[in-house]
Amino acid sequence: MRSLAYRRFSSSSAFSSLPIPHRSLADPRGSDHDFVAVAHSHLLRADWPALVPFASSLTPFRTAHLLLRLRCDPILSLEFYRWTLLHGPPASHSLDTHAIVLHILTKSRHFKAAESIFRQSLIPRTQNSTSELFDAVLRTYRLCDSTPAVFDAMFKAYAHERKLRKATETFRLMRDYGFLPKIKSCNAFLSSLLYLGRADVALAFYREMHRCRISPNVYTLNMAIRALCNSGRLEKALDLFDKMEGMGFTPTVASFNTLIDAQCKNGLTGSAVKLKNTMAGKGLEPNVITYNTLIHGFCKESKLHEANRVFQEMKAAEVMPNTVTYNTLINGYSQMNNSEMGSRLYEEMVKDGIEVNIVTYNALILGLCNEGKTKKAAHVVKVLDQKNFVPNASTFAALITGQCKRQNSERALDIYKAMKRSGCTPNNDTFRLLIYTFCKNKDYEGAVELLKEMLERYMAPDETLLTEVFEGIYSSGKTHLVTELQLDVVGTRLIPEVYFKNEHRTKLLDISDTEAQKMCMGERHGMDLLDSNSLHEEILINLFSEMFISSKMCSGAGSKAISSNDRSLRNYMQFCGSTGTYECHYYEKRQLMHLNKGKTKWHIGEFRFEETLRFKSIDDNGCSNGDSNGRVPSTPFFTFKVQMMIPTCPSQGMS
């Protein structure tokens, strides 16, 4: 009996499907007939050398007829197809000939070979749109007496290649013609969406599966639970988990691990342990991922005693700890300034033959540096080098931490410079450590230089750090540094944020009332931040132009890199005080930002873009688009929101 996933919707169902077109292929005549007859005879004998003289004369018409004559032998058809790609001219194939070989392979259940053609030949080589390829498969469907499996193979290939727009468009076209993909293909698409951080779209597709009556399996439900957890809907994830058995599915270890991970991330380690303890009642045993997740959760909450208890329970259950287990514990003890315990775990790790990696050494170095034991940390660095590990950003950050703990700003700066020379990118915490150390050593010139470099990278210093810097500048009498920092274009945004408050405004105006007015109103650059296009709007436009905004960009929730400017954009959005969740969309410059004008202390500019689509095409980077005709259905789906704080003149709206 044919799978339910392959059935076509009947006209009497709630879904109406389009008719499948039929195209006939004219019989070869004259030279075409002779060519096909002779080439076919060589193919039947697998006489490939004899075919070489025919290669240059291949045309799509001749190739199509040869493939159709070979369709009862899918292996020979595939060999001939690959031979034409190597020896035939580029014009020997059309979309129709590609489609014919796909029909032959899928009808004979050679699905891996068909998907291989999609992934190796059609996806990277053809410039045609998804709809054009789908149309070619559709119009040759009856010619080859094919099966719906060909469309499923096409959808699955796009899903595996993470070509989300093409996969989504294929699904939509399949649905229009009454075909549905198999559950394995749907799961492949859900997996790709989750890999790219698109939990929202994964949930929308899951709902679409339900609407189309595609029956899920336990893997589908596990991914739906994961999508709910990733989107912050833990209660709904638990509700779906509780309903699994009622739907006829038994939760797997992966089901439990997903929820345990979500609970730990939300600080619910007690609930996570209780959930782990219920696994035995379901006939399941916790695995290394279960224990590692709990250990990480306890370490994150600085509950090292509980983490060690789980570690001992893990060994008692004869679940072998791995590198991640030890690295998590060593890092946890290092964060708690217990480098001795971290060293013991390292020795146990080596004794038991557990692989040691760069993360292990970084955790050891951090523990020593947190305690100011920089010489011992330097020894670990030598060991790291002897084992041919390359120091990364975390290695340098740990070493900088050690020097900053000892108030050795010069040595810390030397390590920072070595970090940049090695190609590693310093993060926000590295800059904060360095700037605080320079301030404690009364080296405000160095602190300002680092702050300017931080701003050039569109990193956002917090209010406490800025207060520390400018309080120090004020107390030291080095007022020229305020003007110097003002020359940094981006710095003009941050100084008012800290100082145009009751407790700091007077001090800043005492330093230079004129400079403060310029910093707020942009007079030095001949611009009015309130009545003309703001500098920040211009920067945002440059960053947004020809780019995407990825989901949860400002939350730092591990959004995928989607362009070379992604990091700069994310940091600048944080720097501007932006809030909200950001979805992927293209924007024209004139659509980018609207700033509310007024005379209050802070103005919040908000640009809201609402897409109304139940399930729509997604491009290869996970970005949502309308359908091919630009139509937007009526069901709310995405909301995009940017908020930006713009300071007014200190004389306006000050309390």
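Backbone N, Cα and C atoms are what each Cβ position is placed from, and that goes for glycine too.
No curator has checked TrEMBL annotations; they are predicted automatically.
Note that the structure is a prediction, hence the values are computed from the model and not measured.
The repeat 'PPR' annotation in TrEMBL covers 147-181 (among others).
For the repeat 'PPR' (182-216), the mean pLDDT of the prediction comes to 94. Among the features that TrEMBL reports, repeat 'PPR' is placed at 182-216 (among others).
Residues or ranges marked as repeat 'PPR' by TrEMBL: 217-251 (among others). Mapped onto DSSP helix, strand and coil, the repeat 'PPR' (217-251) counts 26 helix, 0 strand, 9 coil.
For 252-286 (among others), the entry in TrEMBL reads repeat 'PPR'.
The annotation repeat 'PPR' is assigned in TrEMBL to 287-321 (among others).
The repeat 'PPR' annotation in TrEMBL covers 322-356 (among others). Long-range Cβ contacts of the repeat 'PPR' (322-356) within its own chain (Cβ-Cβ under 8 Å, at least 6 residues beyond either end) map to 288, 291-292, 295-296, 298-299, 302, 304, 307-308, 311, 314, 363-364, 366-368, 370-371, 373, 376, 387.
What TrEMBL records for 357-391 (among others) is repeat 'PPR'.
Sequence annotations record features per position, and here TrEMBL assigns repeat 'PPR' to 392-426 (among others).
What TrEMBL lists as repeat 'PPR' is 427-461 (among others).
Taking Cβ pairs closer than 8 Å, the repeat 'PPR' (392-426) reaches residues 358-359, 361-362, 365-366, 368-374, 377, 381, 384, 433-434, 436-438, 440-441, 443, 446 in its own chain, all 6 or more past its ends. Long-range contacts of the repeat 'PPR' (217-251) within the same chain, counting only residues at least 6 positions beyond its ends with a Cβ under 8 Å from a Cβ of the stretch, are 183, 186-187, 190-191, 193-194, 197, 199-200, 202-203, 206, 209, 258-259, 261-263, 266, 282, 284.
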